[in-house]
Amino acid sequence: MSVIILGIESSCDDTSAAVIKNDTILSNVIAGQKVHEEYGGVVPELASRAHQQNIIPVVDKALKDAGVRPGELDAVAFTRGPGLLGSLLVGTSFAKGMALSLGLPLIETDHLHAHVLASFIQEPGERKDVPSFPFLCLLVSGGNSQIIEVRSPLEMEIIGQTIDDAAGEAFDKCAKIMGLPYPGGPLIDKLAQEGDSKAFAFSKPRIEGFDYSFSGLKTSFLYFLRDRIKEDPDFIDKHKEDLCASLQRTIVEVLMDKLIKAAKNRGIREISLAGGVSANSGLREAVQAAGRKYKWKTYIPKLSYTTDNAAMIAMVGYHKFLKGEFASQDAAPYARQA
Ligand code: KG4
């Protein structure tokens, strides 16, 4: 049986639509929003308006790229949350209207659940290795840092998560402190390649269990720079690369310490990465190095499936379709994970 699902994602500042046939992606269209750059972060009101402008052209392009007519779809899947409410409302309302007009089942998906299933997306004409269950997923993005034990495509347990800032936020906030533009994560990664990761030391959180905390690191970074700038106003400019490399090493070590601990505790050696921060070169190298050391099998999705995208939403849609898990027309978006 082949199942064709349209996925729609609008939880933050990317409007995306994708078409999947079973687990194989046929199209994945993403419209980013440049309008937020000058504000140093996503402005919710502007994000909603941009989604409103983008949603129809993006869905239209996703269907055309896939060579699929609306009448050939089996269901419409959408992101119900978590995310910005105004943004979610655009995708949710559009998905409902489309499903209703075509007489198709509607499928709601959780954005974080979808990030986890990104490792299962296949490209046409190739079969790549996918994680076997149970596996651990380190989900690191601008809004979340979680370690998730995944027992089946629709069954997962969060075993650790950040109690304050997410890893991506730590990158972005520290970048802002250094005067770098938003989002700072990719820029820190780039500058870190030229720097000495042992040049500076920043304090790491001491938290029990598998939870994370990044707000202390941000404060430690801020105070460190404030003191150094008093002695030398050009300190940041002179040491930008070393600062980035040292900061990145610290964030990656914090992420890896808990991941290694969780893998040992659960006796799991299948490990995947998900979320925007999994683009980070230091994190990718660290996961692969830990994989060699602890005999893990590691799975890192393609970059376009780690940042926000609708392919992963359609992937959850496929699994829910197989189980007959459909949403009702009165499903309202939620800003936070329950
Ligand atoms: O999953 P994502 O696209 O969306 C949100 O959750 O918002 O993640 C975006 C986050 C941002 O914080 C960005 O700075 C971070 O991922 N990021 C990176 C890198 N690429 C994106 N952080 C560190 N290194 C990177 N190469």
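A Cβ is built for glycine as well, from the same backbone N, Cα and C atoms used for every other residue.
Note that TrEMBL annotation is computational and uncurated.
The substrate site in TrEMBL is built from LEU139, VAL140, SER141, GLY142, GLY143, ASP172, GLY185, ASP189 plus one of ASN54, ASN265, ASN280, namely ASN280. What TrEMBL records for the Fe cation site is HIS111, HIS115, and among ASP308, ASP330 the residue it adds there is ASP308. Within the model, the domain 'Gcp-like' (24-314) shows a mean pLDDT value of 96, rounded to a whole number.
Neighbour counts of Cβ atoms within 10 Å were taken for the binding-site residues HIS111, HIS115; the minimum is at HIS111. Taking all protein chains in view, 24 other C-beta atoms sit within 10 angstroms of the C-beta of SER141 (substrate binding site).
Shown are the binding-site residues GLY143, GLY185; of these, the residue with the fewest other Cβ atoms within 10 Å is GLY143. Using a 10 angstroms CA-CA radius around HIS115 (Fe cation binding site), the binding-site residues that qualify from LEU139, GLY143, GLY185, ASN280 are LEU139. Cα spacing between GLY143 (substrate binding site) and ASP308 (Fe cation binding site): 11 Å, rounded to the nearest whole number. Among the binding-site residues HIS111, HIS115, LEU139, no residue is identified whose Cβ is positioned under 6 Å from ligand 1.
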